[in-house]
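Engineer: First the structure, then my questions, so here it is.
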Amino acid sequence: MYFMESCASLILPTPSLASFKCRTVSSLKMSMNNSPNVFLDPNANRFQVNIINESRDNNEASQEDVGSDPPHYEETSFTDEAHNRLRISYRPGKRELYDNFLQSGEKTEASLHPYDTHNKMYYLQTFGHNTMDPVPKIDYYRNTGSVSGNKLNRPSLLEIHEQLAKMDLRDVWDVFKNPTKHAIMLLITTTFSVRCMLNIWGVMLFIRLSWIVGQAGIGLGVIIILLATMVTSITGLSTSAIATNGFVRGGGAYYLISRSLGPEFGGSIGLIFAFANAVAVAMYVVGFAETVVELLKESDTIMVDESNDIRIIGTITVVCLLGISVAGMEWEAKAQVILLVVLLIAIANFFIGTVIPTNNEKKARGFFNYQASIFAENFGPDFRGGEGFFSVFAIFFPAATGILAGANISGDLKDPQGAIPKGTMLAILITTVAYIGVAISSCVVRDATGNINDTVVSGMSCNGSSACNLGYDFSRCRNQPCDYGLMNNFQVMSMVSGFGPLITAGIFSATLSSALASLVSAPKVFQALCKDNVYKGLHFFAKGYGKNNEPIRGYVLTFVIAMAFILIAELNTIAPIISNFFLASYALINFSCFHASYAKSPGWRPAFRYYNMWVSLFGALLCCGVMFVINWWAALITYAIELFLYIYVTYKKPEVNWGSSTQALYYINALDSALALTAVEDHVKNFRPQCIALTGAPMIRPALLDITHTFTKNNGLCICCEVYTGPRKLCVKEMNSGMAKKQAWLTKNKRKAFYAAVAADSFRDGVKSLLQASGLGRMKPNTLVIGFKKDWRNAAASQVENYVGVIHDAFDFELGMIIIRISQGFDISQVLQVQGIYTLLNSSEIFPHFLFLISESTINTIQSMHVGEFNQKLLEASTQFKKKQGKGTIDIWWLFDDGGLTILIPYILTIRKKWKNCKLRIFTGGKANRIEEEKLVMASLLSKFRIKFADINIICDINMKPNKESWKFFEEMIEPYRLHESCKDITTAEKLKRETPWKITDAELEAFKEKSYRQVRLNELLQEHSRAANLIVLSLPVARKGVVSDYLYMAWLEILSKNLPPTLMVRGNHKNVLTFYS
């Protein structure tokens, strides 16, 4: 039997072809036909699992139940109707066999238990032939933590490229066991719009909109509404674009911003936004409590006093709301629907009241139904009490906020991608129409006395007053305050409505619904923030409970914050800050949309197309402007808090990678800068050492990396390189598995360097490749840094040949050369192996964080362990360049002019913090009768180069013969590598030359005897003058290719740098790296 699935309904997730080891559900027993004719069946689907016998071994494998429930993570919007899609196709004539197998559980000759997979090869039949290549499927693109479906691993390129190995299909059907039970989700667009509308419609609609129309007039009032709508609409478009650029999880505004702009912006605004929602609970509850207290005052039933009654009623209210929220999203959704019904009835009640014929009492209070004269009179502005357009706008704007109320519970939405765009824009449209409708339906004059006896006297001049034309005289309101009319009475909607108590119910509904929405939003946003571990101290609040992963701990924290502000009972000071917090979120959402579009990342592909990057940028600037219009000092406080949190998160550097647009823009900027740099010609004034350091794995030779990093940090390029030699397949596998780990080690240990590796047939070939291909544009290495090969006398001749060959190659490619020698050598792999860490690093089986075991602190703590287990001196030597160098000298033996690299490297060292106390001493060759003149010439040259020095020494006896002991030591050192052909007959000598071409001939030794004398003599001089120096920098001797043998050259380097402090043998590429021109 075959299990087939069409592309339209891929239910059986493709087994991980990288290992073909998936879990199998023991309860699901399926039969598979092992007939060799299966591929000839014309009815075969394009995607099948087929069993191919690799051997004739028919032994049955033992059975075992290894099924386990998959881990549960926060829900994503991958949730589809999995149950409806779950279906299995059968080959013709095989259905009966399958049914019989499931019922009896017995095997037949044509049946195979899923565990019977030993000694068998498995392929996927795709497009009618056998291959490991699977067809495109969504399960390969899921995140690891997706609850709605298991993430599957497609076969690696290596597995497809290499020969097919034996694979095991055990546990392949695990995806059928315990299908994920979907949490109870909200309705998609309807519920989303309900939540947004309830949060947008607030108390402002009922008790402030009439006053705003009175101040600004109908014309400017509508403009104020439209201006606020412009801000929210642009933000809604940006939100829709971001929300449809991939699946959205819980966290709302925080999730959208953090995944677009990164954890720095997301973490700062997430904490602010969660806190703002928590305090907003208190604001809305206090607004509700104040309304209740007003009713208690009218009925003279105050319990204690006004302030304490607000606290008592507020406390009871927030406890009830907390109970509804903790009960679960389905209960909260039901409560929201009930509150929406009440709110809609209250709004409808107002419009009905405008057409019900008024009475004398309402006329006295300024209500005359729809009148053209009243509309004309109220159309223009009449600002009073120092109010202006922007101050009135600042009062109204909080009424337009709340568009993110639905997005904040994105984790509980069945389809956030569809719900957020449709729900947000629909809510903005409906609420805007309602606000404009109420503003236009102003059937009340601005001032009214409320006295039914204030009627027009016969013969009285109305002077254009609409109330006067309608029979009432409210002229005394010009000289004394009145209690009624748009400007004086906040309860105009109650008066106009058909049934006043319904407006009170609407106020209750508006406040309670907004409070409930904020009480749910704050914990959800906070939980998402804590799950991401941006603030490690807050991870306690990440835990969720129940099937819907309810943030109970977040609810408790929100309750505590709300209670604190409810007990204060004075929110007039904090309210502007809260509005600014919301606006800061809107501004960043708009900026996120602009930034993602501007970065031009291929990953930015929102399904929502009705947005524009420049409109989003305008929206971000508009939000920032509105923040200052509402309250300038509150805006400054908001920016200060956001900046502090941004700096904190940036400093902590949370270990997350969300593919933000910030990363994309970094790449674009780097690429643009690299291309721009390519168009600029190199100039000697801008020369800087850009080094390839042959460190191998960087943690193996830390001292070599440290000294190189000292003169490249913040100054030039540094690439740590490693060459893998051996069987190509193993080398490539090891190299690829270690690339990210070793670069992460550099980052973790704050080394501003790159890691690069190559696989080659030999060490020299690998270095050749690195020297030619490393770098990008103008950012190419110009200097090769290697450690001195301390074991050259015991190494194979091929290793010495490769080492010296690398030096020749560097000169061939016109690179500078730096060979560094320290007394103990650089390689500390033995120390690391003792600790078992080096093995862990190179194991692909461990978690990546084991990589960071080898940090500076680890190397330091190794010292406290048993000294007998490792070379203590080697360990100390490996950290010597990390330490601050005391007062001392850097001795520069500038013997040959190589373009200035020999003098530039030590100068750069002296401007570093660790080396700044060291003085430069210059040593150079000269004649005995011209010592003072030579000093003046060198001093003049260095002063022109603006390089400070402590002393100049002219060495006159460089060309003297070394003493006999030193020369004898040199001869004994090279003795094992000499050919001694002069002592043999010609035939024997020629044979030895062919068999050991790497040996030093007598003719070569005699030809370069003077140069050998010089190296030995220089060591004597170095011992005499620079034995106490902190560092020695001297000119590297150059061996002519094909003339000087490898072992003779290594002997020169050995004797030159023997028994000295840390020594840098430097040779530039003989092109100027210094200039005295400005």
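FYI, residue positions are counted from 1 along the chain as it appears here.
Glycine is treated like the rest: Cβ placed from N, Cα and C.
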Engineer: Between 219-248, 639-668, 1029-1058, I'd like to know which one TrEMBL lists as transmembrane segment.
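Structural biologist: Per TrEMBL, the stretch marked transmembrane segment is 219-248.
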Engineer: With pairs fewer than 6 apart in sequence excluded, do the transmembrane segment (219-248) and the transmembrane segment (423-445) have three or more C-beta pairs that lie under 8 Å?
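Structural biologist: Yes, the transmembrane segment (423-445) contacts the transmembrane segment (219-248).
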Engineer: Do the transmembrane segment (268-289) and the transmembrane segment (335-356) come close, with at least three CB pairs under 8 A (pairs 6 or more apart in sequence)?
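Structural biologist: They are not in contact.
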Engineer: May I ask whether the transmembrane segment (577-598) has at least three C-beta pairs under 8 Å with the transmembrane segment (219-248), counting pairs 6 or more apart in sequence?
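Structural biologist: Counting Cβ pairs under 8 Å, at least 3, so yes.
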Engineer: If you average per-residue pLDDT over the domain 'Amino acid permease/ SLC12A' (194-692), what number do you get?
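Structural biologist: Looking only at the domain 'Amino acid permease/ SLC12A' (194-692), pLDDT averages out to 83.
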